[in-house]
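> Below you will find the structure I want to go over with you.
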Amino acid sequence: MAFRDDMRDAIAGAGAISALIRLLIDSYPGAQEAAAMALPLVRLLEAPSESGREAAAGALGNLAFDDRNKVDIAEAGAIPPLTDLLRSGTEPGKEAAAGALGNLAFNDDNKIRIRDAGAIPPLVELLSNDATEEAQEASGVCLWNLSLDPQSRQMIVACGGLPRLVGLLSSPSERVRRTAAGALGKLALDEPSRVEIARLRGIYKLLYMVANGSEDERETAANALTNLARNDRNRQIIAEDSVEVVRKGTKEKGIPIIVGLTDDGLDPGRVAGAKCIANLACNSGLQEEVARSSGIPPLVRILHESEFGGKESAAGALGNLACNDDNKVLVAEAGGIEPLVSLLQDGPISGRESAAGALWNLAMNEDNRVAIPQADGIRPLVELLGDISTEAGKEASAVCLWNLACNADNRVLIAAESAIPALVRLLSHGESKVRKAACGALGKLALLGENRKEIHRHQGTARMMEMVKDPRGTEREVVLSALTNLALSSHLRTAIGNAGGVPPIVEFLSTGTPAAQASASNAIANLVCNAQVKDKIMEQGAIPLLMVLLRGAPEATAAAAAGALANLACDKACSAEIIREGGLQALCDLLASGHAGCQEAAARAMMNLSLYDDNKTAIPECGGDAALVWVLGEGSPAARQASAAALTNLCWSAEIRAKACQLGAIPSLVLLLGEEDELAMDTAAKALYNLAWTEEAKQLITNEPGAVEHLSDCIALGNLNAIMTLRRLAEHEASAVAIAQEGALPPLASQFRSGGEAQRKAALDCIKTLANAPGTKPMLSEVVGSDPELRKALKANKFMKKLAKGLAQPFGLRRSPGAKGAGGGGPDEHSAHLETVEKDTETVNKVGVGAREVVNY
């Protein structure tokens, strides 16, 4: 300024020379001395000379680059005269005033001073097409900085700032375009502005900048789009808008353009693109679109190559994308797990928390549950449970461990890193979401017996009991699931019962959400395995409440209630109460529901109810036998097996056996007999044994395609019930010939030679029965002729009398005096079956659609 005479006079008249002399003679070279010029320059702003005011504004703007000077200049009273100059000065004066105010506005207190001084309306006016590009840029910078203040944003919008700033996105000046984009990005912190900017076609112009602008423009525009993408409609607009990419000579939609920035931009631009993708991925459909646009590999490269801030942004984007199941696989295939674990180990706290959030979602994939521990991810997750992290970090780490603990091997690894005491401590955390996450993780870890002991040793059971009793607790549903798994241990059932856990758990059956009612039902199913706790549950009136759920709750809840009733039905008194409450008809309705879980639990309940003689008549009377046969043919594998077991117990009379055959039980049992599951085979064999007590039934079973073949396969595996069933069928002469012809003799001979004691005895008995039937001798000769031991055993019993064909009482029950069991007994019976429940479902993704928004401040 001092090159012009008028400027020299103005500076000298304002007393700046003495300030400069002080600068020269003072030994400290910092900005504090420069700030001493502020007061004379402020006086110069009030001088009548336009050139002097302009010069003072310019000088103050330069001084205001220093943070300490920003305070001194404002306290010297510069903001009101700068605002006056903005309103009434010359064009150069307005430009200088806007520039000075823009620098001062970096200070938060100054933002308020500038707003209250009334500077916003003239700043918006300076954006007009009549202003110079320099003035537009200076005003844009100032508004950009002011827009971090919420009230200032409202005033800028009220003064018509949005349409003017959107218009400047098409300015021929790169600097003007960039400052307009920056200001719009901050104004887009407010939802109404996000909507209005989109209406003004601001998104299209910002995408054009990302596609074709300089590196600075691309970064700034992407940051603006990040905030705009906090509105779901705007996400769709970004994805659907097509703009020309000049260097390619083609048009591209928004997502490929943003992905291109993460791939080929400079590091600040790549990071801005990653933040934008994070918000776009809050829309589940766009998660797939980003993946189709090859958006995942560039984000993984940012994890490898960028500074920590960039890595944090990339981790956030990958975490949101990984809400999609296919993307969980793609992130792992792109090598994303290792750098995420590295960030989790070595990054700043905010970066470690972002990495934990990404791993949270990735850990919902079975393969990733293996890969994360292999990358040494468990230890840093456990460390993040401690005091070093924020609430968000503790939650993300605990939920990630929750998901990892769905893998049985990981339950051992997590416990080995001392996670259990850390998680138990979090049960007392002030934030409900942290307590919920910790409890969920402990619940999964409790699927392992040693972990249950450790949880109890660290007072985890006691703390969960406090939580489940607290009516204000929002995490009680998760606590119920954890208690369900703790109750897999007998001593913990006792501990829960003694600690007063039964009343609040039973209360949930009537007061909780459907999910909480299901969790309470599962907990009861395990707790009733302890006789004393079962009595307490009965005292609290659990059965009528479970019956209400059986009739009117959603299917998943009804299935859990039926599972609890199935275990209660093992007790005779409980069984009687279930019948009195109308349980048989409700269970029949569940069998016909078509819901696999309902069918399985209802069939198990029927199986246990059918242990008692009175129920054996009552179940068919309400159509239970027909429902069981239907499930046997149409249900899930587990439901079919439970139905077969129930039918085994029901087939104690000729009438019921005949009806089961008429209903079509035999073909379904033969199909079940052919399953690879050995328990299913055994159950089917036992049911067929109980049906095979008439000549007609024996012939029906033998003639059913695959019956003899499957029984022979079961015999080869050493299944005793299959041998006994074949022995029963062989009493029918035509069946005996068919059995011999279809190749049952070799596996029987094999069991005689090398089976267990019971198998050897039963196999010999079956072969003897086959030997008594005309027409079996040719096949028998082939087998016996090559087996001296078998030949000797048969010769020793050649005068064996035919076994009586009378019907005896079921195994394990009282026999009538003088009754003889054909082949060693009458119809077989399944014993009481208590089945504990393991809560082993995964957690859901993150809040909302499973993603976390990024805000650019």
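Cβ atoms are placed via backbone N, Cα and C, with glycine included.
Quick paste of what TrEMBL says about this protein:
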- 36-78: repeat 'ARM' (REPEAT)
- 77-119: repeat 'ARM' (REPEAT)
- 118-161: repeat 'ARM' (REPEAT)
- 160-202: repeat 'ARM' (REPEAT)
- 294-336: repeat 'ARM' (REPEAT)
- 335-377: repeat 'ARM' (REPEAT)
- 418-460: repeat 'ARM' (REPEAT)
- 500-542: repeat 'ARM' (REPEAT)
- 541-583: repeat 'ARM' (REPEAT)
- 582-624: repeat 'ARM' (REPEAT)
- 664-706: repeat 'ARM' (REPEAT)
- 811-845: region 'Disordered' (REGION)
- 827-843: compositional bias 'Basic and acidic residues' (COMPBIAS)
> Give the nonlocal contacts of the repeat 'ARM' (664-706) in its own chain as ranges (CB under 8 Å, at least six residues past its ends).
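Here the qualifying positions are 629, 632-633, 637, 640-641, 644-645, 647-648, 651-652, 654, 657-658, 713-714, 717, 719, 721-722, 724-725, 728-729, 731-732, 734-735, 738-739, 807, 827-828, 830.
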> Sort out the residues at least 6 away from either end of the repeat 'ARM' (118-161), same chain, that have Cβ-Cβ distances under 8 Å to it, and list them.
79, 82-83, 86-87, 91, 94-96, 98-99, 101-102, 105-106, 108, 111-112, 167-168, 171-173, 175-176, 179-180, 182-183, 186-187, 189-190, 192-193, 196, 857
> Taking residues 6+ outside the repeat 'ARM' (418-460), which of them lie with a CB under 8 Å of any CB in it?
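Same-chain residues near the repeat 'ARM' (418-460) but 6 or more away: 378, 381-382, 385-386, 391, 394-395, 398-399, 401-402, 405-406, 408, 411-412, 467, 473-475, 478-479, 481-482, 484-486, 488-489, 492, 495, 838-840, 843.
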> Could you give me three numbers for the repeat 'ARM' (582-624), the DSSP helix, strand and coil residue counts?
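Taking the repeat 'ARM' (582-624) as a whole: 33 helix, 0 strand, 10 coil.
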> Can you name the far-off residues of the same chain, 6+ from the ends of the repeat 'ARM' (294-336), with a Cβ under 8 Å from a Cβ of it?
255, 258-259, 262-263, 267, 270-271, 273-275, 277-279, 281-282, 284, 287-288, 342-343, 347-348, 350-351, 354-355, 357-362, 364-365, 367-368, 371, 845-846, 849-852, 854
> Give residue numbers and ranges for long-range contacts of the repeat 'ARM' (582-624): same chain, 6 or more residues beyond its ends, CB-CB under 8 A.
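Distant contacts of the repeat 'ARM' (582-624): 547, 550-551, 555-556, 558-563, 565-567, 569-570, 572, 575, 630-631, 635-636, 638-639, 642-643, 645-646, 649-650, 652-653, 656, 659, 829-833, 835.
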> Quick one: average pLDDT across the repeat 'ARM' (500-542), no decimals.
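Mean model confidence (pLDDT) across the repeat 'ARM' (500-542) is 93.
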